[in-house]
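Structure incoming, see below.
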Amino acid sequence: MEPFDPAELPELLKLYYRRLFPYAQYYRWLNYGGVTKNYFQHREFSFTLKDDIYIRYQSFNNQSELEKEMQKMNPYKIDIGAVYSHRPNQHNTVKLGAFQAQEKELVFDIDMTDYDDVRRCCSSADICSKCWTLMTMAMRIIDRALKEDFGFKHRLWVYSGRRGVHCWVCDESVRKLSSAVRSGIVEYLSLVKGGQDVKKKVHLNEKVHPFVRKSINIIKKYFEEYALVGQDILENKENWDKILALVPETIHDELQRGFQKFHSSPQRWEHLRKVANSSQNMKNDKCGPWLEWEVMLQYCFPRLDVNVSKGVNHLLKSPFSVHPKTGRISVPIDFHKVDQFDPFTVPTISAICRELDMVSTHEKEKEENEADSKHRVRGYKKTSLAPYVKVFEQFLENLDKSRKGELLKKSDLQKDF
């Protein structure tokens, strides 16, 4: 893949926003069929420009205005905020207290740095194929709960461009949720609790909630290959001591003896399971199958940035924004192929600009002469960004179908009266 040089970013962004950004689909998403008057016009966008210049409360009348502004500013990063009571770009003219965030998608932000206490391969901003499995498990667990436990239909998963993933839940009813309800949802989805000083972050008992059981079933599919082989979490004393800190002291000696006798993480894990589930230890109310589950959850369960989800007015990085450090595009993820998603094959801005350059001069000239934006944005179709835009379009199709279904229902009800 084309190496990315951050020094070239200003020039690359010009080309990206002029020829490659999927404006039509982007506007179609945030306009939500134009059902609610001024929905798009009251949406906040924020731009981060070169040298960390940050501009909040941007808003636009239509797709064309958004395009012009983005091509003029060439933002390093785009964030999407709430739909407000008034146009965000006029917030200074509104009476104090009257300018209120009214609606926004329910969003989730999962960042690999929050797993630094349990991943051995990388730390801070670094990721590799070994620890990416954490994101796969997180997406599977959260998506299943949003779909089955809450009945949310329209969930867009997006790669952040570096070390994490975001989820946008776009159902109409969800966009109207209060901050209190959002807090309740994120609380339901949170199991790993406590800061750096807290060693044991997951606490279960005999009454295990169905959400937890279903999450454990997902983790089980990945646990051996990810945790026992890939991360080798019981490789040596330093590592098994971390796990001993999560189980009752009454079984420490028995576990230690087995850990010293066996020579691999899978064998040592099997020993831990037997000890935790032995009839002798089960008499101790702290032992049982939930002991191994607590360890699995602490090492593999999603770690959400709670504050991002709670606030209606919280900004989150936009899909199709470019990560200024890696150059990777923040692309939608095809959830049907979530296990195959590889962050290292996500196109960089340098790669897609190069691909565009390789299009014949004749074709380019023909396109440049096309005045209207409908033709100009076809540029992405000639690059490796195309399949990701297709994923986005499929998501939009489902949103449209759902909206039409709701409108038909409403008109049928009115006919009945």
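Backbone N, Cα and C define each Cβ position, glycine as well.
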Under Swiss-Prot, the annotation motif 'Zinc knuckle motif' belongs to which of these stretches: 121-131, 165-175, 286-296, 297-307?
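My reading of Swiss-Prot: the motif 'Zinc knuckle motif' range is 121-131.
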Cα-Cα separation of ASP111 (active site) and LEU316 (ribonucleoside 5'-triphosphate binding site), in Å?
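With distance taken Cα to Cα, LEU316 (ribonucleoside 5'-triphosphate binding site) is 13 Å from ASP111 (active site).
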Starting from the Cβ centroid of ASP109, ASP111, ASP305, the recorded Mg(2+) 2 site, name every other residue in that chain with its Cβ within 8 Å, sequence order please.
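Going along the sequence, the neighbours come out as PHE108, ILE110, ASP114, GLY164, HIS166, LEU304, VAL308.
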I need the CA-to-CA distance for LEU316 (ribonucleoside 5'-triphosphate binding site) versus CYS131 (Zn(2+) binding site), whole Å please.
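Between the Cα atoms of LEU316 (ribonucleoside 5'-triphosphate binding site) and CYS131 (Zn(2+) binding site), the distance comes to 23 Å.
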So what sits near CYS122 (Zn(2+) binding site) in its own chain, CB-to-CB under 8 Å and at least six residues off in sequence?
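The list for CYS122 (Zn(2+) binding site) reads MET112, CYS128, LYS130, CYS131, given in order along the sequence.
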